[in-house]
Amino acid sequence: MKRLATLALAGVLTAGTAAADLVIPDLHYRTGAYAAGGIPFSDGYQDYFNLLNQRDGGIGGEMVRIVSCETAYDTERGVECYESTKAEGSLVYQPLSTGITYQLIPRATADGIPLHTMGYGRTSAANGDVFSHVFNYPANYWDAASVIINQLLEENGGSLEGKSITLLYHNSAYGREPIRTLETLAAQHGFTLTQIAVDHPGQEQGNQWLQIRRERPDYVVMWGWGVMNQVAIQEAVNIRFPMENFIGNWWAGAEHDVAQAGAAAAGYRSLNMNRLGDMPVFDEIREYVHGRGLAAGDGSNVGSVLYTRGMYAAMLAAEAIRTAQEIHGVAAITPAMMRDGMEALVMTNARMEELGMPGIGPEFAVTCEDHGGTGMAIMQQWDGSQWVTLTDFVAPDDSVTQPLIDEDSAAFAAENNIASQCGDS
Amino acid sequence: MFYREAGDFKTSYTDDSQTFPIKFDRYRYYVVLLVGLGVIPFLINDYWANSILIPFLIYAIAAIGLNILTGYCGQVSLGTGGFMAVGAFTSYKLMTAFPWMDMVTVTILSGAMTAMVGVAFGLPSLRIKGFYLAVATLAAQFFLVWMFNKVPWFFNYSASGQINAPERTLLGVAVTGPNAEAWVKYLFCFAFVFVLAWIARNLTRGSMGRQWMAIRDMDIAAEIIGVNPLRAKLMAFAVSSFYVGIAGSLLFTVYLGAVEVGSAYGIQKSFLVLFMIIIGGLGSIFGSFAGAAFMVLLPVLLRNLMDSTGLDSAIATHFEFVIVGALIMFFLIVEPHGLARLWALAKEKLRLWPFPH
């Protein structure tokens, strides 16, 4: 009974829908307070799929069609984007927003469409036993918190006893995610944790930095995004906080975050879940995509931190599509098959090398229970003009994060009556 | 011609004092109800429900609520977002603490809770007026959002401070949660809008509404003719907050399903609802609907138009801002009293048509 109107409207709302493509929705934000981070990520995401179309004729002989929708990092618009694109046969959603992710988890699960929230979103979604359609490989926020602490432990001879660490966070679901892990770690390692919140969008941080200046913590850890990062780094420079003791997570470590402070921010460190540097795939993107005038943006972002991460996300999606095609033996896969593909995804160094992006991420294998990957991340440092990789992939302390994931996902399962998805195996 | 009082004979006092004295208006109202109840539920799909109709209905409730306070009683409020948050968090606590409770009860109790909070924050209105009251309600907005962010009891100690609406039913049918059908959610909201708009319309026509308007027009004069300002103002705050609380509750339970207080109920939501009643028309129930439609539907419509032009999506989004902004200015210049006034003028013209003098 709802078909007729749907069809009539589909003609108006979605001009020219072609069937039997691999539909990849891109819920991007190229406007608003968070556009600086949203643009390069979306460029990388779209460019990689365009590269596959141009160079290989799609994936497994099936062309990829990107459906983009602007969310402006706004949750209500994110929901609208999801509803308006899901009918086109979208294979996987990648909203790049923790707030939108929380909206989409129940909806996408009910609609049977997988969600890939790479290094953001709901951390406990790593437990595939509860969250059947949500994947957050290769790493999540609690891993990030643990990696930072592990790195600091190593620098301090294995003990953080008596140290003080301040968490400066975006006052949203995103920024609050690491608190529980850091509290557990603080109890375990004996450091004191101070939490300072920055309200959206984070342009005004005078009070927060006054407090930091007064308390002089040994380290400041930042969970920031958008304009908040730039402001925080500038404020840190202003109060002459030792920059090497200021550490951002992987959403607070892009070129545009530090560019404003420039050389003064030298020493600022951040995590990264993907490796930096020139890769053969960039040349191919320049040749096949930008050379043919198909660049998603203005083409200036190739190789930047977030562009690389967007491309990495696209690569993981493309590899999951390939895996799904192998499992089911059909080229035009459905969202349900895509889910199976994501759950069977195996990333090896050999495969990444083959794709022209050697060592871009850690090796990992997804299983039904574990949708979270290894959680490893690298530490990078701003030298005043560019990001330099400091460490190899550092592992998080799973003995801390896993109980928290189990606890939080069990609470979600109980609240929503979700039975075990993976059986007893 | 067809829109006039003449020939429509009223034979009783009840007939004479009905809401829509003109026959054409009455039938138009029945047609709207018929379409809303008998046609749309059968045609609706997820996109229309979740992107267009449900937000429109919910914001219409919020706009009616604020219109009662600001439009009818003249008390400016910038606390709408905060009061909506009270409704949402009350619903969340009720839904998780009492899983057996049906959604109508949850929603009404959320409205009642918000009414109490509204009265508490309405107390200063007895002493301060105008811009000063606006600032006092602004404090309510920031305080409430801060409190829901800060006190973990409100979000059941979840790691991220997000609240998620679990699946709850009404008469065995899922109303909230991802498995709720589009038509159920739509009808649920429609029922609330219908009942609340009906009550609001009659409240504002009755003695309560006349007291509010007396306060709005000149509070000293109102006091002299026997209106109790304490009672009238606090009633306005209570009724208004009740509506706003229900809107906030529905926004969370039925529409969004997961909410983060800062982004969903921030100051921009207060402004959004305030713009709705300013553009729609202060002191008019129809204006609340028109304003909600203008602010909710227009951006969606523009977005779809922009999509079909094939422009770059970032440029298209910027264009939307420009066009919506220009339209708001256009309407306010053409008719500073809002869309409701345009509507009233149109009706006035229709009465005379085809023989204008």
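Just so you know, glycine gets a Cβ as well, placed from its N, Cα and C.
Look at TrEMBL and you will find B:27-44, B:50-69, B:76-94, B:100-123, B:130-148, B:183-200, B:234-258, B:270-302, B:314-334 tagged as transmembrane segment.
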- Message: Pairs 6 or more apart in sequence, C-beta under 8 angstroms, 3 or more of them: is that satisfied by the transmembrane segment (B:183-200) and the transmembrane segment (B:50-69)?
- Response: yes
- Message: Under 8 angstroms, Cβ to Cβ: which one of B:50-69, B:270-302, B:314-334 has the largest number of such pairs with the transmembrane segment (B:76-94)?
- Response: B:270-302
- Contact between the transmembrane segment (B:50-69) and the transmembrane segment (B:234-258) (at least 3 Cβ pairs under 8 Å, separation 6+): yes
- Can you name the far-off residues of the same chain, 6+ from the ends of the transmembrane segment (B:234-258), with a Cβ under 8 Å from a Cβ of it? 50, 54-55, 57-59, 61-62, 64-66, 68-69, 72-73, 75, 77, 80, 83-88, 90-92, 95, 103, 106-108, 110-119, 121-123, 125, 162-165, 168, 175-178, 180, 185, 188-189, 192, 196, 200, 203, 208, 212, 215, 264-265, 273
